[in-house]
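Colleague: What follows is a structure written as structure tokens; I'll ask about it next.
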């Protein structure tokens, strides 16, 4: 766990405690998040999950904005309970009043799509390729057969692969 991330989470909690003059329960912090989300606050589990790739690629802004954004969700939940909107007035109050940051709902980080390998299958009758996913290719290797819709012959792996 990067020390800067834990330090920023703690700083955000201390700012909130100073502002609201009360203690807040600290969350478990995890870097087990993938995909497009930069961070997620699990309110009932008191858990913060952050995306390690987006953290590495946007460290400065991530520490300043994203960490505060997610901590603000936990603070709002501990203060106001379940009956508030995720990015409602209470959360916005914390973002503006406590952290002096804009209450932005979404990040603008560039998210790289992962590359996908396609395994090219062919049929004797057709001039076209049949790109199979890794999972489908694996099933063929285990004995599953896929048939051409035109001639009903078994599709055969051409040995060609494409990365998309």
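Backbone N, Cα and C atoms are what each Cβ position is placed from, and that goes for glycine too.
Residues or ranges marked as active site by Swiss-Prot on the basis of sequence analysis: 70. Positions annotated as Zn(2+) binding site by Swiss-Prot: 69, 73. Swiss-Prot lists 14-156 with the feature domain 'SprT-like'.
Map these features onto the structure and tell me what's around them.
Modeller: In this structure, residue 70 (active site) is part of a helix by DSSP.
Contacts of residue 73 (Zn(2+) binding site) defined by a Cβ separation under 8 A and a same-chain sequence distance of 6+ are given as 41, 43, 86, 91, in order along the sequence.
According to DSSP, the domain 'SprT-like' (14-156) comprises 53 helix, 23 strand, 67 coil.
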Colleague: Would you mind giving the whole-number mean pLDDT across the domain 'SprT-like' (14-156)?
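Modeller: PLDDT averaged over the stretch: 94.
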Colleague: Counting across all protein chains present, how many other Cβ atoms fall within 10 Å of the Cβ of residue 70 (active site)?
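Modeller: A 10 Å sphere around the Cβ of residue 70 (active site) contains 22 other Cβ atoms.
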Colleague: Using all protein chains in view, find how many other C-beta atoms are within 10 Å of the C-beta of residue 69 (Zn(2+) binding site).
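Modeller: By my count, 26.
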